[in-house]
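As written in TrEMBL, here are the features:
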DOMAIN    24-98  domain 'Cation-transporting P-type ATPase N-terminal'
REGION    1-24  region 'Disordered'
TRANSMEM  78-96  transmembrane segment
TRANSMEM  102-121  transmembrane segment
TRANSMEM  300-322  transmembrane segment
TRANSMEM  342-367  transmembrane segment
TRANSMEM  805-826  transmembrane segment
TRANSMEM  842-859  transmembrane segment
TRANSMEM  888-910  transmembrane segment
TRANSMEM  930-952  transmembrane segment
TRANSMEM  981-1002  transmembrane segment
TRANSMEM  1014-1036  transmembrane segment
Amino acid sequence: MGQKETDTLAGHVSGQANKPLTKPAHALPYDTVIEEIGTSSDDGLREAEAKKRIDEYGPNELGDADPVNVGKILLNQIANAMTLVLVLAMAVSFGIKSWIEGGVIAGVIGINIVVGFVQEWKAAKTMDSLRSLSSPTAVVVRDGQAVTVPTREVVPGDMVEVKTGDTIPADMRIIEAMNFETDEALLTGESLPVEKKSDEVFEEDTGPGDRLNVAYSSSTVTKGRARGIVFATGMYTEIGAIAAALRSQGSNRRPVKRNEEGKAGPHRYVQAAALTGYDAVGRFLGINVGTPLQKKLSRLAVLLFGVACVCAIIVLAANNFAQYPDVVANPLDTSNPEQEVAIYAVATGVSMIPASLIVVLTITMAAGTKRMVERNVIVRKLDALEALGGVTDICSDKTGTLTQGKMVAKKAWIPSRGTYSVGESSKPVDPTQGDLLFNEQAPREMREGDAEKNEGQSAEELLHENPDLEEFLKVASMANLATVYQHDNEWIARGDPTEIAIQVLATRFSWNRRRRTLGEHPSWKQLAEFPFDSDVKKMSVIYREENAGKNFVFTKGAVERIIGSCTKINIKGDGLVDLTDEIRDQILENMEAIAALGLRCLALASKEYDSSFKDGDEVPDRAKVEEDLVFRGLVGLFDPPRPESAGAVRECHQAGIAVHMLTGDHPGTARAIAAQVGILPSHMERLSKEVADSMVMTASQFDKLSEDEIDQLPVLPLVIARCAPQTKVRMIEALHRRGKFCAMTGDGVNDSPSLKRADVGIAMGESGSDVAKDASDIILTDDNFASILNAIEEGRRMFDNIQKFILHVLAVNVAQACVLLIGLAFKDTRGLSVFPLSPVEIMWLIMITSGFPDMGLGFERASPDIMNRPPVSLKTGVFTFEVLVDMLFYGLWTAALVLGAFSIVVFGFGDGSLGDACNANWTPDCELVFRARACAFASLTWFALFLAWQMIDMRRSFFRMQPGSTKYFTQWFHDVWRNQFLFWAIIAGFITIFPIVYIPVINRRVFVHSPITWEWGVVFIGTLLFFLGTECWKFAKRVFFRWQAKKNGQGVWAKQDIESKAFGMYYQDPRGSDSESSDAAEQKV
């Protein structure tokens, strides 16, 4: 924060706006605040004005978000276990006067720090941008449209709409509140929610906790809804005044344990100090920070450090710990045995350190999260990246996720009249489009196409002498929070898609809530509101008709819940009669008929209420308000499935992932949509009754079952209708008991327990509440089910790539260590070991030759069959048995070829002389060793580079990585060219070896090898053998896995169609007997 802003804040008065008003906002009527701040209560700010104000007032931030800290990133590159090992190696080299090796190691450290810093800085910037994408959002009205913007873009003058579960984005003066309460514990310490009012005006010196007409930034809406005008943002809010306290960081010191009297003995202080030290060492080594995979790799690095120390000791022991008398006599001799043995030990130890492992992992994860944003997925927790690849079951909502969320009211049934239908319309929010059709039959009596047989009628004709339709429209319009109005000849709608559709239906008949409740003398006034609750599945309002002086209750909700609250119904010819069980059954039959059309069905009801109740009175008990209602009718809403949903569900089944629909809709509607998108099998008749009943259940049926009964079900429900939040939690627990790894979607406040309990919690970015987003692991920016599949595919791709570069890093490390340890057998004339690879060569291989290709493997695209195989096992993780065996084979095969190249040059074409002191200086006697060392170095370099290309696919041949390709001879080139980072990293590795081998001084003095000529023939032959060996190994693996798949019956499964893969185990054979084997019967979805 700059000095100028600090000075401005110093004179800021509590409750005032960024630009002071005549009085604090709580001391002014809301219309005065609207006038002074220069905005509109209907259309909000213009977009151009909002941009101007964000430039004027700055972003709506408290300044407590940690920016990308360059110094901290740089410190992380220096102060970590990998760099520490290299620093120790450098210190040993300088300590024994080995200036070249020490200087090279220092250069490698510098390169490692610079490269690591640049890459981690980019990764940090990427994650910082993702945090801003997943930060809280606000619904503001601009240019008359409700738009969702990041909280930081909210400006003074914005009209904000909030509802239960939302976080207040800035201090705002409330202009409309309905049963509105907020949790202000963060600001005032008040543990109970505070009820807010819009019409109250308070004294200027009223404390923050008593300003009941103001909602504060960062407080949470616990009940109801409201609209308000923002008057203070950023550091000018009340929470901004205590931002310093919020910025304070927690201490890293472990607390001292004390007894009940608050005292602690000396041993407790020692214990706290020891634990604090342990935590500090753990943070330094990375074993107790980061994601589970990062911790696992950090522990691996520590383990390899221990192995490196053991290897160094082996080197010293193999050379008698350099106990030679002449060392004491001439300690400064650069070719003395002690120096050579020490350098060999350092080289062997360093060869086991995967210096680039953690950096490459960080870069891969950052790149993966960036790719996910492009595919409409925001990652909030990096742990989710590792978890996505192992998802076996997806539990998804229906509305807006599997369907488009663009509701259109298609049917309305009024018992005393008949069925009203709405024709096709290209604009769902335009009430002037689409014909109105009427049929005297009830939905259960109508056949398909009956509605279309009648000609369209005008709204005026249908309303003429039709009080029952008018009562129905009153409920449709008033028990509704959506706003539908015309502006500049364009129809604008704001609110929930379901309520917008019903409001549009009412507006077709000129029954629009906005027209009847606004203005100087509104004919209707709202007195109370009971918002929709996922437990009661109803919402109700109390309105007063001013002209008649009467109060009315209007209620809409799930059909079963509404008819349970009704006692009367208007029947054609009989007038108002008691609602009997027989009539209730007829209503349910009509609901089933509407739901069978794939329509979401809601019921509407109303009654006259106590006229003495007035605005400001204590809100009556909800149960009393919602009893003894008069049933008014049913409305059917069409929400078509997304075009991509069926394909996404099919791909899930192909990938071995079961899809469950958990929806609040009626079972008939849920079943129809589930069948359309492929969640249910198309041949339900081939299922036994027990399986079919288990596949589709209501929440009440599922919740009545005990855990044991759920576990005995032949299949967990694929569709649960009328789902409640607790049902989702029980579903997750049932999946976990069956050993499944599940993802769960959610958008409401009540979904947060299930989002936290799921292995991957998925919040909706468009319709989700801030509470749900905060409880989630990832957020879908488009609320689209297909985006979940994108996330899983990306998670699998990252898992594969992490496996690839880990295998490459460790295989090269194993090769280097084996070359040096087996190379201990090569003794010179003094009996000291002659290393086949010099320390500088090893450094070059680790940091340059292998480092950049490893990064390239992290960017590799998904393999062709990535979504055609079952989910990965997260219990095993990346270190599968296959990876471990591959690591040993590639490492040992590479080491054998490198040692073979060294031996051929020395013993095959040379005289077998290993010279004297050839580990340090070049002499004519050492020329043979230096040429053999260059040959070994060139061989290992090429092997490591070619191995990176082989890792693109761990099983397929390098020449046939795309099984469906017809480019039989050139496909390999397309594969290596596709990942250009990897391509150029490998090409650079090939090119840089030549100056290293041939430039004078660099070759003999630094890398301790000599230029080679005919030895390139050995390198080429070795490379061919390396390729032949890796191809044979992959061929053997393919044969083995095909045999294993055939043995386990997976080969037959792979040839089945997708539906048979997903549901085949539950089908009965043509004779009607259950064809499931006893083993298959045990398998659960």
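Start at 1 and count along the chain as shown; that gives each residue its number.
Backbone N, Cα and C atoms are what each Cβ position is placed from, and that goes for glycine too.
Predicted automatically and left uncurated, TrEMBL annotations should be read as such.
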> For the transmembrane segment (888-910) against the transmembrane segment (1014-1036), do we get 3 or more Cβ-Cβ pairs below 8 Å once near-sequence pairs (under 6 apart) are dropped?
Replying inline: yes
> What parts of the chain pack near the transmembrane segment (805-826), using Cβ distances under 8 Å and only residues at least 6 beyond its ends?
Replying inline: 297, 304, 311, 314-315, 318-319, 344, 347-348, 351-354, 356-357, 360, 364, 833-837, 842, 845-846, 850, 853-855, 857-858, 878-879, 883, 886-888, 890-892, 894-895, 898-899, 902, 906, 914, 936, 940, 943-944, 947-948, 951, 954
> By Cβ distance under 8 Å, which residues at least 6 away from the ends of the transmembrane segment (1014-1036) in the same chain are close to it?
Replying inline: 886, 889-890, 893-894, 897-898, 900-901, 904-905, 909, 931-932, 934-935, 938-939, 942-943, 946-947, 950, 954-958
> the domain 'Cation-transporting P-type ATPase N-terminal' (24-98): mean pLDDT?
Replying inline: 79
